[in-house]
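Here is what TrEMBL records for this protein:
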type: BINDING; residues: A:ASP461, A:ASP467, A:GLU470, A:GLU471; note: Mg(2+) binding site
type: DOMAIN; residues: A:40-154; note: domain 'TRNA-binding'
type: DOMAIN; residues: A:408-483; note: domain 'B5'
type: DOMAIN; residues: A:706-798; note: domain 'FDX-ACB'
Amino acid sequence: MLVSIKWLKDYVNTQDLPPAELGEKITRAGIEVDAVIDRSDGLSNIVVGYVESCEKHPEADKLSICQVNVGEETTQIICGAPNIAAGQNVIVARPGARLPGGMKIKKAKLRGEESNGMICSLQELGIEGKLVPKAYAEGIYVLPENAEVGSDVITNFDLDDTVLELGLTPNRADAMSMLGVAYEVGAILEEEVKLPEITYTEAEDTASSMLTLNIDSPEANPLYVAKVVRGIEVKESPMWLQQRLMAAGVRPHNNVVDVTNYVLMEYGQPLHAFDYDLLETGNITVRHAKKDELITTLDGNERKLSLNNLVITNGEKPVALAGVMGGANSEVSKNTKTVVIESAYFESGSIRQTSKEHNLRSDASSRYEKGVDPNRVIPAAERAAQLLSELAGGEVLAGSVIFDKLQREEKVVHVSPDFINSRLGMKIRFDDMLDILNRLQFKTEAMNNQLMISVPTRRQDIQIEEDIVEEIARLYGYDEIPSTLPETATTPGGLSPYQQKRRIVRNYMEGAGLLQATTYSLTSEKSATQFAMKQTELTRLLMPMSEERSTLRQSILPHLLESVSYNTARRTDSVALYETGSVFLKGHDELLNEEEHLAAAITGLWLDNSWQGEKKAVDFFVLKGIVEGLAAKLDIELEFERGEMDGLHPGRTAFITLDGRRIGIIGQLHPNEQKARDLKTTIVMELNLAELFKEQTEPLVYTQVPRYPSITRDVALVLSKIVEAGTIEKLIRSAGGKLLKDVRVFDLYEGDNLEAGKKSVAFSLTYFDPEKTLTDEEVTAVHDKVVGALKESGAELRS
Amino acid sequence: MEAQLNELKTQALDKIAAASNVKELNAVRVAYLGKKGPITDLLKGMGKLPAEERPKMGALVNVVREEVTARLEERMAILEEQAINEKLQSETIDITLPGRPVKSGNAHPLTRVIEEIEDLFISMGYEIEEGPEVEKDYYNFEALNLPKGHPARDMQDSFYISEDILLRTHTSPVQARTMEAKGGEPIKIICPGKVYRRDNDDATHSHQFTQIEGLVIGEDIRMSDLKGTLSVFAKKMFGEDREIRLRPSFFPFTEPSVEMDISCFKCGGEGCNVCKKTGWIEILGAGMVHPNVLEMAGYDSKRLTGFAFGMGPERIAMLKYGIEDIRHFYTNDVRFLSQFQRTEV
């Protein structure tokens, strides 16, 4: 909502506060002033000029040489506008004048001809192009004939004004009108509100002698008022009206349309003007549209209607989409002689639905959607009739054609002063509360320590006691509220075990050298299931904004890999990222099964200490080591089981299992996948954290530090390449029994000295007895058992 | 023999003095004091001496041997020290060379902000509650006093999956769920999480972002308690000398509703580019829980009251760290992420 302060002063004394200060007071009281716009900002030395003569520039087709009377002299100005003509009053920026954007006007020569100033368009005075009347949109603006030559344009045409731009929240629909803002400012400044005085002379003929009215949908349209004004002359509105509309962000058209818009801005009540003769039938019937009925609205679009749409008809065909936009077939034009002014109350839900269905928003629909003041419907019609008789030379027919089934009692709210103070934690005096309610012009009765407050119908947002609490508090001042802390029982607070484990994982991953990334949950259909361990039906948005963000992810990895590629494309060759977040799987009920996952991706060098000759590229085992460390941290036993997945290297991929359940995947990207993503060797993993966190960790009890030494024996084996070290390790462990404390691979050799298809793996076995020092014989006995078992399995001992 | 002995002594002492390193000196030791050395030979040869000369000679040999030994030890100490010094000299390193890098990652700046806020409220006795990101229309809107067709639903255009299921547009549904679960009991929670809105991504908008909401319900919770709580938050988060101010606002789920500004932490309130010359920075929205919201979750709004507040970690991080573009949080440029390594304590 744009509020011209000059206009506002018609209704309320603004105490001549500087605009910024007034804006601040309004903001602090509850309606945020987003901007304070000085309409004359950067303008100076701009006067009314009379074009005495206008001739084509001999050297330039598009330029005219004008002799312009600027009051103190007649001077030559070159003008490039197509609509310049002798006999016009125009806006002249004199040499030395300033225009918005810091432009300074100087004497100049244009193609050899002297030019002493500039004839201006409204755009050049800083008015937005879309607000300039169509007739002047492509050229200069022509002032009225009676404009005083040489006078100051800025003051004479109300450009010395400041506009407050209000950022309205949906509850404050009352402030979508100048009167509504006047009530708010009146309450803040403790000033009375002055309503427009409506007087005009009526004709002897009555409106109902020319127009009949049928309301077929009283629920959606409980009040309809029509005024008939005849003998009007459709023309340009006077300057003051045009300027006020432009200040309010409305483009002037002609006096009839401008009056309806002016009253809309003034009262917040949408009006519509029909050309009476184009209605043809002398009847207005309001009903719901028939299925597939057609109407061409004022914006030139033909619209196919549905049963939900309320339409104004002439008894036969639609002439307007009720509360949203008029129809082209009854539009007011230069030839219009008689108009019907409609002021109606349409139910907000109906308008909202129609507006949404046709994706059509107008100044009218946005007000109806939020609810207009039922008590302003009739005054607004009267106000329009008055202005039309004043500005369009019209004769207002007596009375109105009216249908009125609208309830409009004031809401009464009961509230006690104690309630107000206890909710606020304050001690506001009763008299101060009454004073604030009076300023708001809420009628108040006090009875038995209880306030009975009648809320004016313009404030439909006030329904319950708490609303009154807010009204009192905002005008009393939120700065006056003290700062206290809740006096409730002290609670311990803290993270749940799940949340603690999440932080442990985060800290661990970062300690291990990975940066935490955050990617989007929405992705393309194509990548939604890539790398997903459990693929379910896709979950698509009903109305995605783009295909790239149309579907919920079932794996974190695709986006995480995009982030890796983003970095390598910017020459960060070594990247190590991890992310924790939800993946979205179809579940049993209507909500999705949201699983929290941990994903990681590493590429480039893992260790780069090149001056000491240490350089290690990422490989499968770097990331596997990180997963193993995480398992140790969380005290769970994870196993790795050879596996395959699209997009991963078939020989370098494993499922991560917990108690036999697959809860994760780890692997190297398939060369084709790497190429597609423009990546070098990249290792990825993804784990279901929720599964990981399910395991209840045991209380930590210390194990005695060994008092007896342990003994280590090594064994080197020649194995077929297909035999996995893990299998051998299991065999060793089961043969070693309880004295075997640890088994570690300490060497792997695959090379020339071995038979083809063979590899050599060396294990280091640690024996230990917590009860005593093991003797060589005891160790040998167990170790021989292990070696025996190995031999039996077909392993060849290497000496 | 005595002369022979003295001759030997002189020779040995000369050689000891001449030895320039430990090895040479050890050779001297072996040559003169070793089992095959001349002094040992002399002692062996004493058997040929008359018996009465033997003690005298024996004593003499011992004196010589002790003296030679003593001088040798002396020299040895010097040479050993010299050897160590030479070794140390040769082992000198260029200590300005870089150390072996310790690989270390760090949290995303949003996590950093969220955890800081979580910890602050945990210290005030709050618990952390979370909820689904794909949510029922009921919890996202209806239970929060936003029935179907409510004009305020326009404030947050949503991503629907079906007529009744959508990506949550705020973390407030977690409040509604918690209230329903607690069945009328007092509540003190913080709810962080991801939320989604139909916005085109640009420098100030993101279709996915994060929120943190707080909710306190109990007997006699007042608006002054909200102000006090937010004041503590502002001071801990943005500095002890921060002041707060409340401005009336509107949210369907609170009444009264406010927005909270803090005095600008850059200029202290004088006006600068961070606060757009106003001296104040808008940080969060808050209010007293609307009685409809309480009643819908089964609370007696006459007996229990509450306050709620909600803020955007992106906005807080942008203000705190001077980040100019919200897209940085979701691009994951390592050159951006790794800047949040160090502590600020």
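Just so you know, glycine gets a Cβ as well, placed from its N, Cα and C.
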*Where does A:ASP461 (Mg(2+) binding site) sit by DSSP, helix, strand or coil?*
coil
*Going along the chain, which residues six or more apart from A:ASP461 (Mg(2+) binding site) have their CB under 8 A from its CB?*
A:ASN171, A:ARG172, A:ALA173, A:ASP174, A:ASP467
_Neighbour count (Cβ, 10 Å) for A:ASP467 (Mg(2+) binding site)_ = 21
*Name the residues of the same chain, 6+ apart in sequence, whose Cβ is under 8 Å from the Cβ of A:GLU471 (Mg(2+) binding site)?*
A:ILE436, A:LEU437, A:LEU440, A:PHE442, A:ILE462
_Secondary structure content of the domain 'TRNA-binding' (A:40-154), with strand meaning DSSP E or B_ = 11 helix, 54 strand, 50 coil
*What is the number of other Cβ atoms found within 10 Å of the Cβ of A:GLU470 (Mg(2+) binding site)?*
28
*Would you identify the secondary structure of A:GLU470 (Mg(2+) binding site) according to DSSP, in three states?*
helix
